[in-house]
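So that you can see what the record holds, here are the features copied from Swiss-Prot:
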type	residues	note
SIGNAL	1-24	signal peptide
TOPO_DOM	25-318	topological domain 'Extracellular'
REGION	283-314	region 'Disordered'
COMPBIAS	289-309	compositional bias 'Pro residues'
TRANSMEM	319-339	transmembrane segment
TOPO_DOM	340-694	topological domain 'Cytoplasmic'
DOMAIN	375-650	domain 'Protein kinase'
BINDING	Leu381, Gly382, Ala383, Gly384, Gly385, Phe386, Gly387, Lys388, Val389, Lys403	ATP binding site
ACT_SITE	Asp500	active site, proton acceptor
Amino acid sequence: MAGVLRSLRFWMIICVQVLSLVLAQDRDEFVYHDFSQADLHLDGMASIDDGRLHLTNNTTKSTGHAFWKIPMNFTTSPSSSLSFSTEFVFAIFPLLGDGQGMAFVVAPFMDIRYSGDAASYLGLFNRKNDNKTENHILAVELDTNSSPEAIEDSDNHVGIDINSIISEDSANASYFSGTEGKNISFRLASEKSILVWIDYNGTEKLLNVTVAPVPTPKPALPYLSSSIKPRKPLLSRFINISEIFNGTMFVGFSGSTGTVKSDQYILGWSFKKGGQAESLDLSKILDPPNRPPPPSSPPPPPPPPPTPPTSRSKDSKNIIIICVTVTSIAFLLMLGGFLYLYKKKKYAEVLEHWENEYSPQRYSFRNLYKAIRGFRENRLLGAGGFGKVYKGELPSGTQIAVKRVYHNAEQGMKQYAAEIASMGRLRHKNLVQLLGYCRRKGELLLVYDYMPNGSLDDYLFNKNKLKDLTWSQRVNIIKGVASALLYLHEEWEQVVLHRDIKASNILLDADLNGRLGDFGLARFHDRGENLQATRVVGTIGYMAPELTAMGVATTKTDIYAFGSFILEVVCGRRPVEPDRPPEQMHLLKWVATCGKRDTLMDVVDSKLGDFKAKEAKLLLKLGMLCSQSNPESRPSMRHIIQYLEGNATIPSISFDTAGFGIPNISNETITQMTATSSSANFSFEDVTILFGGR
């Protein structure tokens, strides 16, 4: 019997321990007004001193971390919420300068110590892993140092960091005063208690950060932090943390010291996942300690016995003082020169005398670098054969798209810049506006209006798109692009050949209007000018037969590509799709086949619900008319506009003359096309062809 009781007692103890462990794993909130018994994981300089969490001390180039030991479950599921809220009180004592700063951190693990230069990165990153998406770190920094590693120039700012020391958003430390109706600035490294509120709404995907000094003298009676929380947050940013967090995460703090030092204290902390954190009772929070003593140093040696001063000793002493002063000044000048050259090299641009005439359209590299947060991966909108495109925001609040391409000196950069300036003068509601450019070393940055709805290509072919375009929206986009091409071909001061018309180069603005973009292959020429044969460029399925045969781009080759574009939008498929059955592989041939069978409506995009059959038939016939193998049979853009608006009747077409193979061009046309290019020597090595979108 005694044995049975002992066995039962043993299993009861095991069950209690397991239950305690399970309950501990489910804890999603805590409050600390004192850290004496706090369940924290500490490393580096971090320690608990008299109930205060002491993150950093007077050690140089070191880090300190403190994390709550129990992980938080941030997996996305119907039963869990990604919302969280936290409050904490901190104080920073500057010892030499204001120190490097500290941060509230949500990280996938507690041990985030790095060797090397981590102290310059708030103890969160180092030079090798900064700006890596695999970091899975969200931090709110309280930065008291301006360093070359970060873009922010202020040594007293609050920032939201995602996987990098470069903040997604930042602002100088201040709080909104309801009585004065404005923001009031204060110092983070003030030796005084400062409150921080961080709230993330998982439904709205909105992160708010608010800061304010704790009132002095501190209330002796119970006094909740919520009563002094400013109405307006300092920072407010839309962030999808499900793309950052990696399931189980840890919450805590990170601090660091570089060559400048500071004591950083956390005096109270409240946290809750899935709701609002409990307000801290300020009457229970410990005051900041008295100013920490300066670093200890060995006692000075006893003074030597006094000797009567002599004129020689006085002269020697003056010489030493002068030498030390001159050496110090020289060192400071060298250091200043080094920092100046470092920043100058970092933001160095290429600027030649002939570019002065284009100066109103030049942007400084420094401003663009800040606008797109240092070419970070999370700012990347797309990439292709002509460079990468990043999203940015100018200080005025204007959103921009910046294309980063590498230019070839042999192309004649002066001519290229002149064409950029010409493109900057193009003004049409259905063109993506080029705002300006910047040259730096071997790269060129082109600045455009930002189009919030991305490319038409994405709407037509991305299966993950939540919403398809309606029939009326597609028709409106086709009409908009046609209007833009009429402007380029006939209404501007020169003839502009786009040479790369396709769905991936049509961008959609906030109202889903189509705008023709990507002028990377565009060419300008005067009206009546004989056209030169050039390197053959374009995309398979959009290139007119005479372009590949003769190497001369004209308005008719643009119209051929526009015809392929019309078919692409109406049919919801690319001009060439190798995975389809042979007779359907080439869209133009498939439409021609269905036209001859009198089953033209079979090619209309099956994703469309309701559509107007009469309009669809007109657009399909217009696409085929633009795609005739003989360029003389293709309409001009002015006639195309008339057909689209119903002001003219589209002529009857033959479905047997779709543009494939060698074109049927008259001798007169061939003579005109080759008049100035008889010396051109073409081979397949001269052809630059793209397949599909980019």
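Using the three backbone atoms N, Cα and C, a Cβ is placed for every residue, glycine included.
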According to DSSP, which kind of secondary structure is Leu381 (ATP binding site) found in, if we only use helix, strand and coil? strand
Roughly how many angstrom lie between the C-alpha atoms of Gly387 (ATP binding site) and the residue listed as 'active site, proton acceptor'? 15
DSSP, reduced to three states, assigns Val389 (ATP binding site) to strand
Which site among Ala383, Val389 has the most other CB atoms no more than 10 Å from its CB, taking these as binding-site residues? Val389
Which number gives the other C-beta atoms within 10 angstroms of the C-beta of Leu381 (ATP binding site), all protein chains shown included? 17
Which whole number is the mean pLDDT over the domain 'Protein kinase' (375-650)? 88
Neighbourhood of the residue listed as 'active site, proton acceptor' by C-beta distance under 8 A, where only residues 6 or more apart in the same chain count: Asp518, Gly520, Leu521, Ala522, Val537, Gly538, Thr539, Tyr542, Ala561
Tell me, how many other CB atoms lie within 10 A of the CB of Gly387 (ATP binding site), whichever protein chain they belong to? 20
